[in-house]
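First the structure, in the form of structure tokens, and then the observations on it.
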Amino acid sequence: MSEQEVTYSMVRFHKSAGLQKQVRPEETKGPREAGYRRCSFHWKFIVIALGIFCFLLLVAVSVLAIKIFQYDQQKNCEEFLNHHNNCSNMQSDINLKDEMLKNKSIECDLLESLNRDQNRLYNKTKTVLDSLQHTGRGDKVYWFCYGMKCYYFVMDRKTWSGCKQACQSSSLSLLKIDDEDELKFLQLVVPSDSCWVGLSYDNKKKDWAWIDNRPSKLALNTGKYNIRDGGCMLLSKTRLDNGNCDQVFICICGKRLDKFPH
């Protein structure tokens, strides 16, 4: 075969309009994936932030609940202690009042018993004697002993100095009242008239003094006695009062039992 002509031809297929409009997936995949990643990052940040917020809120609520519980517990404890203290104080007051009432009841019983004994002893031992046995004169005396002391009531009226001499002539002295109990006892047994006792005003000392110049446990408000009314003391059923020493009244002499000769 001699020279032959080789003819080349190029075949070109034209794409249809539909195929031309199709976009390769690879061409759109990059932008979509980038947008999705950005959106996913934002949501993760929000979720983490919400989680932290919820955790902090839970912690705050827990702390608040604990504080409220502790406050309630402390308040209840304080109320209980206050109530307990109040109950203890009330019980102490009740016990104290019961003890005071018991003591007062005992004192009342003792006073009633003492009063009965005093009246019984006075009615039993009061005797009228002829004072010639004691003074060598015709004075009448009531006498009795009670406790550690004997009492002589010289019924013939005398001045305070006369009573002092009458008592001394019988180896006695005008009565010194030792305390409030003795005063109350004597007011039960003295005659209806007032009686001289051994208390007088000492012009040198400018004060009232007992006949033995010794103090007494009897508390006297001597400031109420006006010396102008008299400087000698009288005993009646109701009170001690001062009077004119030159007036005449019954005498009360006294002597302790341990002072009598054996």
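Backbone N, Cα and C define each Cβ position, glycine as well.
Reviewing C145, C150, C163, C167, the cysteine that Swiss-Prot connects to C253 via a disulfide bond turns out to be C167. Per Swiss-Prot, the residue from C39, C54, C251 that shares a disulphide bond with C163 is C251. For C232, the disulfide partner named by Swiss-Prot among C195, C245 is C245. The cysteine that Swiss-Prot pairs with C145 in a disulfide, picked from C108, C150, is C150. Cα-Cα distance from C145 (disulfide bond) to C167 (disulfide bond): 16 Å (rounded to the nearest whole number). Close to C253 (disulfide bond), meaning Cα to Cα within 10 A, are the following recorded positions out of N86, N103, C150, C163, C232, C245: C150, C163. C150 (disulfide bond) sits 22 Å from C232 (disulfide bond), taking the C-alpha atoms as the reference points.
C245 (disulfide bond) sits 44 Å from N103 (N-linked glycosylation site), counting Cα to Cα. If you compare Cα positions, N86 (N-linked glycosylation site) sits closest to N103 out of the recorded positions N103, C163, C232, C251.
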